[in-house]
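Report on the structure given below.
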Amino acid sequence: MDHSEKVRRQIHPRQSANIFSVIFFGYTGPLFVRGFKKELEDDDLYDVIGKCSSKKCADRLEHAYFSNVKIKEPGKKISILRLIWNLYGLKYAALGLFHMIGKLLVSTLEPEAVSQLVGYFKPGQTRMTIYDALYFSAMIIGLKAFHTIYFQNYVIYLNELALQIKASFCSVIYRKALRLTPSALADTSLGNIVTVITKDVAQFDHSLNIFNDIWISIIQTILICYLIYKRVGVSSIVGVLILLAVIPVQGYTSKIIRSFRLKMAKKTDERLQRMQETLSTIKTIKMYTWENVFADKIGESRFNEMKIMMRGAYSKVALMISSNLVASFAFYAIIMIYISIYNDMSAEDVFYVMKIFSNLKHTIAISFSMGFTRLGELSASLKRINHILQLEELPGYIDKPDDEPKIDLRNVSLKLNNKNILKNINLKLEVGLNVITGQLGCGKSSLIKVILRDYPLDGGEIRTRGRKSYASQDPWLFPSSIKQNILFGEKYDYKRYTSVVHACALDYDFSVLENGDETIVADRGMNFSKGQQARINLARSIYKDADIYLIDDALTALDPKVQVHIFKHCIKGLLKNKCVILVTHNAKHIKLADNLVILQDGSVTFEGKQQNISEDILDSFESLPLQKNDEKEKENQEESNEKEKLLIVKPEIHRKQVYHENKKSGNVDYHLYLKYIKYSGGFLIGISLVILYIGATFFESTMQKTMSNWINQKSNITYVKEKYIQNKTIDLEQFNLENTTTIFLNETFNVSSDIIQEIGRLEMQAAKTMNLYTMSIIGYAVAEFIRHYLVLKMGIAASINIHKKMVKRALHAMMTFFDSFFIGNILNRFSQDLNIVDEHLIFVITTFIGILFHLAGVVGLMASVNWKFIIPAVGLALFSILVRTVYIKTSRSLKRLEAATRSPIIGHLNSTMEGLTTIRAYKAQDILKDEFDNHQDLYSSALYTSICIRGAFGFIMEISSLFFFITVVARFLFFETGINAGDAGLTLTQAGMLTMSIQYALITWSELENTMTSFERVMEYTTIENENKTGLEVADWPNRGEIIFKHISLKYSNSHGNILSDVSFEVKPGNKIGIVGRTGAGKSTIISTLFRLYNYEGQIFIDGTELKTLALDFLRKNISIIPQDPIMFSGTIRSNIDPYVEFVDEEIWKALHKVHLDSSIPSLDTDVTELNFSTGQRQLICLSRAIIRKNKIVVLDEATANMDPESEQIALKIIEDNFSSCTQFIIAHRLDSILDCDKILALDRGRVMEFDTPLNLLKNENGYFTGML
């Protein structure tokens, strides 16, 4: 969420190109040259073309959608298809009409031209001259040239339209997410929205072309059926009926595919949601050693996803195979019926039917089959898109500035999950410090969110005057610079900015960070301490010039010294004339309130001015030693001023791009192909697949050759009969019966019984040839079914194995990996990249292998006629490979850029969903919408440029193929003599196939390498460096709890200085150690070394055993932690406390009883989403996790920071009762809470400043610890 100035890019060359450059793709030349010379980067991308601008497209769709919302009848859903048609229907229909004209011209005229040209080569024919043959040859060539020009440009315009639709829906879905109510958010998930944006919206890419083909194919089918009937009469009826019979089956199968798609999408949502939850809490998961639990959860979702995907894939492939084979059988039926009726069939008729039937075969087997499949998939996707668009939204409202800002709540009530959260709240909050306090779970944060209108009310009303700003209890930071996190779209004002930085005590932090406030913030601010996160979060709230500031317990994570500074300079300084609503338990802050509100069980039990607050109420809150003398405060101020100067004079350092990924360059490593074979089942199954391809190719080529031989035989028989009837004598030298009729060659004889016998023999031989054709069809069908089944098994196996390895490597990765990559980057690999591997890669690989064998078969058939045809075929292949070499470098770079530019989209969405309340409070939706549109535009630019160069490549290949076809035709007409009609027809059809096959092979080859870039990105996650978990497991360890740190130093991989420097101290068994220091001093890092989350220098001993010698999981299981962030994972209460099912129910209930939560939980199998736990209650759940394990060493990282004083005392009592015999590390900012520790470890900048008993430390008036008081 970077609000810096948008990068200015060059206009896309297609927009400025002249008409001829557009038609013939001349504008792509400079890009090919640049891509050939170097690896393309983000800077090489053009500005998105205007009509594909995400903002423009989304504005149009949103306007149309809301217009339909106003006029739709109650209870009826809005039709997404109708919306699309209203916006883009006219253009789509125009493109379809253009495509229909081109397709019908080519599909009807070309078969007639080929048929006539074949007739020229019939033995003894006199009807056609060489000029007629040249005319029909020119017609074929002209039709092919016309198809090349119109079709490639049609595809460009169609993809352009698809890109507009995709961009509009992605942006509108994002905008919708910004408006969702809490109940609507519970009805969806981040995983659901990511899947919709990456998979469901992508269906428009695949569907637009197919849907045009469906209605065009209906017209084409009717026309072709008429032409076949006109040519071969009633014998065509059975064949056509066979083809048409499959259409209802296709329609029914599309419904099945739709059902599977919906089910699979839900499982994909679930998997991505679990992945996102795991990534966002990975540090805690590692300390709990729960990686395997979450890996199993994700794996379970993946297994269910793959199971459904496999069923859908079987249905899809079975439909395509059966449609394809039905077409072959239908052609066979027409030939056989025609012969049975008329006892003969001319070469012209056979090749006419063959050619026109190949078009009908494409229509039925591809257009209808794929169309119905895509229709089912798109229908499922539209249902999921519509579900999101129709989720409940928060009502819009406008903050009105006022001279006297105020908040007026009248009888406000709130229910969540059928539980009363707020009950009849009546409050008036005006200028001054309004403090809201109360016990754990009483509704304080909910009240703040109600004021922000983030929750819809169940009763009452809220009236507000003035602009609002908000600082959340859990700091929300987004991936960008610290500066951008603070400004958050507001105009930069140097004076105000530096004042806010100082007031929030950030100037010191900026001075020690190498990049100052230009330092990049990781997801959730994970590269900063909790205190630093809180102060940046607060600074954003204060920087906004608002009238009302709502601060939800945002000072809890700060040490007392910093709290005093911020309260003085911020709450009572910059905000002194503002309406401030502060949620806190801090007694000092409560005493300074102008107005105090006390909540209990969702009701207001006290509201009054400061002078009306009774001593009894004040005494109910613990007092903290926050007093400062004026001299020390002045000293702190001077120190801060010096640090501020360091910040101001520091030169601005250019920061790295957020979500930047290190892309591979050059060719995809061939080892990756071998790895994929290994993941898909191994080389044995791969060899089996190759054998099946050889078999299928053999049968397919045999079909073609036997049909050619049969035509030759029938032509020669017909010629003999005609000559016998007319002349009574036959000079068999006038025609060539080749090897099958050598008995006649060079003999002249009178008609006798010999010729009749020989004709009978030839008829029998033709019948045998047709039998061989029949057997070839059956063999081809069997090979195809087995091959496709094997392909599916390989694809599913590869997807399961790859994902399993990815999850395992990612979850067991070192923490440095998660510090280096944003969640958006990682989710991109597990969503879109993995989706390409799941649904496309295996089919691209096998299609490429299949087309290679098909090419071999085509070349073999042509060589069987004349080996010299191999020469131009080799020339075409070499030229094509040269063109492909140039194309693939550019294409591959763009494909990698496509993948890389998706990460910001997913990352931005992830950050937005995590910070919705803050975003809404700041009215920053428009800023974030623009930011999302910028990310979307960059992705669209990469995608559109890729589409253009793919079109250029296809155009060049078709033109070069056209020259090859001209060479073949010229050789037939001018250089070949005595050629048979069957051989001529076979060569012409195979020449056409060869040109298409070479082009298709190279496109598929290029697509394979482009698709392999996603596999390449996925495979990077299977080689992530993992934590070394090997080591000893010592019996009965630790049994005392003695801890010794010896010269510990630690440096993060992305930092330039040590986080810990030569830290040494000893802890006696059973001692309680308080760890203090400014935020960022290294307190949490000490704990990280104890759990070996990072590699460190030095030695740590527990009960005499050096930690590096222990097995990592064994070590972590034997240390309990109550972490800084009280995390509740999705699932049940049981799975949140005992995911490995190591304890019986009685033990879990006992632990819950000890933290006083047993009465709040109806069952251990209750889903945590039903309980609406407060932050403090979540912390008690974390406490129960530590209690049940009964470990000898316990770490409490701000364990009571989010609790009210009463709850804190209860928690401290629980800790004392359960961990008194344990060695304890206690990190706390409330210094009074650690004064009863045996020793206190004071840290500053990663160094030990003091380590002694509290009494001794307090005696040193000039000591570091006393300086914090």
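Here the Cβ of each residue, glycine as well, is placed from N, Cα and C on the backbone.
Sequence annotations record features per position, and here TrEMBL assigns transmembrane segment to 80-101, 133-151, 210-229, 235-257, 317-341, 679-699, 770-790, 810-828, 840-863, 869-887, 952-974. According to TrEMBL, the domain 'ABC transmembrane type-1' annotation covers 154-351, 772-1010. Annotated domain 'ABC transporter' per TrEMBL: 407-626, 1045-1269, in sequence order.
The stretch with the most CB contacts under 8 Å to the transmembrane segment (317-341), chosen from 80-101, 235-257, 679-699, 840-863, 952-974, is 235-257. Sequence-remote contacts of a segment are chain residues at least 6 beyond its ends whose Cβ falls under 8 Å from one of its Cβ atoms, and for the transmembrane segment (210-229) they are 92, 95-96, 99-100, 103-104, 107-108, 111, 158, 236-237, 239-240, 244, 334, 353, 356-357, 359-360, 363-364, 366-368, 370-371, 374-375. Here the transmembrane segment (679-699) sits apart from the transmembrane segment (952-974); fewer than 3 CB pairs are under 8 Å, leaving out pairs fewer than 6 apart in sequence. Summarising model confidence by region, the domain 'ABC transporter' (407-626) averages a pLDDT of 85.
Non-local neighbours of the transmembrane segment (840-863) in the same chain are 673, 676, 680, 689-690, 693-694, 696-698, 700-701, 704-705, 708, 787, 791-792, 794-795, 798, 869-870, 873, 986-987, 990-991, 993-994, 997-998, 1000-1001, 1004-1005, 1007-1008, 1011-1012, 1014-1015; each lies 6+ residues outside the stretch with a CB under 8 Å from one of its CB atoms. Tallying C-beta pairs under 8 angstroms between the domain 'ABC transporter' (1045-1269) and each of 154-351, 407-626, 772-1010 places 407-626 first. The list of residues near the transmembrane segment (80-101) in space but at least 6 beyond its ends in sequence, with Cβ under 8 angstroms from a Cβ of it, reads 60-61, 64-65, 68, 150-151, 154, 157-158, 161, 164-165, 168, 208, 212, 215-216, 219, 382, 385-386, 389.
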